[in-house]
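Enquirer: I have a structure I would like to understand better, so I am pasting it below and will then ask my questions one at a time.
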Amino acid sequence: AWEPLRAQTEALWKTCVETVKAEFDPQNPELPELCPFGFSTSYVDEGFDATQETLYTSTIFATFPSTKNIEDMYDIEDKFDRGTSKISGAYDTQDENFNELFQDSVLTRDMALALASAVIVALAVLVHTRSPLLTGIGLLQIIFSFPLAFFVYKLILGFDFFPFLNFIGLFVIFALGADDVFVAVDKWKNVRLDHPSASTEFVAAEALPDAASAMFLTTVTTAVAFFSTAICPVAPIKLFAIFCGLLVLFDYVMCVVLVFPTLCIYDLSLQRSMGGQPSCCISITNCFRKSGGDGDNENAKDDASREDMDGNGEEQHSLIHRALLMYFDAILKLRWVLFVASAAAFGVTTYYASTLELPTSSDVRLLPESHEFEKSYTWRQKVLYDQLQRGGGSTANVIWGVTPADTGDHNNPASWTTLELDSDFNAAATDAQKHLLGFCDDMFEREFAKKVSVDFECAINRFDQWLVDESTSATPSQEYSSNCGGAQAVPVAEGDFDACIAAWADKVGDTTILSWEGKVRIILFPFSSRVRYDDHYDDLDSEWNLIEDWMSDKNDEGPDAVNAAYFSSQDFWWYDTNGQMLTTAYGSAGIALGAAAIMLLLTTRSLVLTLFSTFTIAYVVVSVTATLVSLGWTLGFLESICFAILIGIACDFVLHFSHAYATLPGEVSREERAKYAVIKMGPSILAAAFTTMASACIMLGTIITFFSKFAVVLVMTVIQATAGTFIVFISLVLCI
């Protein structure tokens, strides 16, 4: 009994869908009469007319659009039916209010997880230095950089807009700041290890300039890498990059001002403890020592001696150095194999990195695809209703009389431009009127433009018809009689045109003809474009260039008074934003590599070493980018921010190795220099790598996709920077 009815219903729906898809008009979305009563385009997906099956459907019910009503529904949303094993359901409002409410609810939780990463950094610094004093001052160094950077950002540079993204810079600087602490401490302890009986003044004179030089190299290069992203005109990304660059600079200043003097205090306390027991604040090992008469002094001497040799104790120091020596011996034997593998890896990753694409949609999604509210969004894109809306395009305008100027603050999205009138525009000229009259007919013959409604006519054409009607009327209107000088059609006498068309526009309520002080100042010709802001970038790019080329040709053939027309649409804002982000990604990477090369050349005075280091940094950037491509990432808004972080951090590790390699005094072989760099800087880099990855891994548990993507980029950058430093760079200096 059901089968014949089902077949009949499917056939009727199939015909309905075919007709709707063929005749859909976004300005008149009423369904054809042949569609059955109660049918909605939200019931089926786009391919129903071909398969007569639907995988996605949507049920819509009306709600009161009040905030309280939406929040009440959100509170009971978890009680809604989710379907069975054969069908799954997901809920949200048309405006994604549930999605937004959920994001607000988990943001605090995710921020707490992000802050927990700072705790991991603190613990890692404590373990590495074994000094609560050095750990505390190191954290103050990092924390103080934030208000100092904000002072310059706000009061000196004068940026009023402070996007939420800038707070992410705090987590970036925790990772980079910990690296500075590790370098300063290890430089000091390496000198103390080589000169166990030297005075604190001697150790400071040897260690601190070397540490300051090494950190200055990485600080300037990393800051420039962040600043290079400021070429992006997208305000949140630009200001984020500038703020991160300021954080890096002030972290260096605070390290010199705070950590360096603290190292002197730390060393003096250890030297004095040779005759007694230092405070637990100086060395954490003293907090667990049992006191007991004369043995305390001997224990203190032994402990201080161990601290002189290595802040982590003799056994641990020997272990990490033995491990690094074994690693260096292995890489020395396999250097040619690793060199070939590095070159091949660079070539492969460069190819895949070059395939990085812009997103298929300009929507910025903040929840993972597996979440119910994100499923609701994704599934809704599949139903016929949304496909028709997307295919319906958007409204654009051809504009005369206004220059495409932006007089607002480009660094503040809340600052809008003033209206800049085109002083050369004169629609009253006879040849200008003729050009405008034929413009619309020509435009609507083009494939890129459709009328905004079935019976739409541009204002100038409706005005022309009005003149015809009024001039043949036995009782013309007062507006015509008083202003038009008896004109029968366009063109109107130049002296009468402005008053006549302004009177007509006022009479019919037309807002596309705008006059001021008795002269037509602005004319708009609206049309329906085939694309929307959430279409694929390539489609938007193709459509933009098609319209732009046609507009250029029309302006060339038009009279001087009306040859500065252009078209505009809010939907193309996203197109321009995405294009700028892609350009920025490549441009900032090039600037960062150039800055790193210049700094290395100035400090090492070796062109070969500069090339090796620049190659290694490039490897880090392209290898991470290739990994992100393999994960299915595209260069959207969130990814562009992460890319700025990638470029900023990619330089750090290899510059430390390069600096150590170049600063070994005397005429020594490349093997000895490479070994020196691995042994002296290896512990600091490994500690920084472990600290950064451990803190980033905590953020992988966040729900908001930006935090999780930030963590992924951080982890991948540290992994590839470590591999690039210990494998690519070392194999290069050993083989070439």
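Every residue gets a Cβ built from N, Cα and C, even glycine.
Pulled these from TrEMBL:
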type	residues	note
COMPBIAS	298-312	compositional bias 'Basic and acidic residues'
DOMAIN	109-265	domain 'SSD'
REGION	293-312	region 'Disordered'
TRANSMEM	111-127	transmembrane segment
TRANSMEM	133-152	transmembrane segment
TRANSMEM	164-185	transmembrane segment
TRANSMEM	211-232	transmembrane segment
TRANSMEM	239-263	transmembrane segment
TRANSMEM	585-602	transmembrane segment
TRANSMEM	609-631	transmembrane segment
TRANSMEM	637-664	transmembrane segment
TRANSMEM	685-707	transmembrane segment
TRANSMEM	713-735	transmembrane segment
Enquirer: So which of 111-127, 133-152, 211-232, 585-602, 713-735 is most in touch with the transmembrane segment (609-631), counting Cβ pairs under 8 Å?
Expert: 713-735
Enquirer: Does the transmembrane segment (585-602) reach the transmembrane segment (133-152), going by 3 or more CB pairs under 8 Å (6 or more apart in sequence)?
Expert: no
Enquirer: List, by number or range, the same-chain residues at least 6 past the transmembrane segment (713-735) whose CB is under 8 A from its CB atoms?
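Expert: Result: 175, 327-328, 331-332, 335-336, 338-339, 342, 345-346, 609, 612-613, 615-617, 619-620, 623-624, 627-628, 642-643, 645-646, 649-650, 652-654, 656-658, 661, 670-671, 673-674, 677-678, 682, 685-686, 689, 692-693, 696-697, 699-700.
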Enquirer: Cβ under 8 Å, sequence separation of at least 6 from the ends of the transmembrane segment (637-664): give me the contacting residues as numbers and ranges.
Expert: 165, 168, 172, 175-176, 179, 183, 210, 213-214, 217-218, 221-222, 225-226, 228-229, 232, 234, 236-237, 240-241, 244-245, 248, 364, 577, 581, 584-585, 588-589, 592, 596, 599-600, 603-606, 609, 612-613, 616-617, 620-621, 624-625, 628, 672-674, 676-678, 680-681, 684-685, 688-689, 705-706, 709-710, 712-714, 717-718, 720-722, 724-725, 729-730, 733
Enquirer: Can you tell me which parts of the same chain pack against the transmembrane segment (164-185), counting only residues 6+ beyond its ends and a CB-CB cutoff under 8 A?
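Expert: That would be 114, 117-118, 121, 124-125, 128-129, 134, 138, 141-142, 145-146, 149, 208, 211, 214-215, 218-219, 222, 236-237, 239-240, 243-244, 247-248, 251-252, 255, 259-260, 263, 311, 641, 645, 648-649, 652, 656, 681, 683-685, 687-688, 691-692, 695-696, 699, 710, 714.
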Enquirer: Does the chain bring the transmembrane segment (685-707) near the transmembrane segment (211-232), so that three or more CB pairs sit under 8 Å (pairs 6 or more apart in sequence)?
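Expert: Result for the transmembrane segment (685-707) with the transmembrane segment (211-232) is no.
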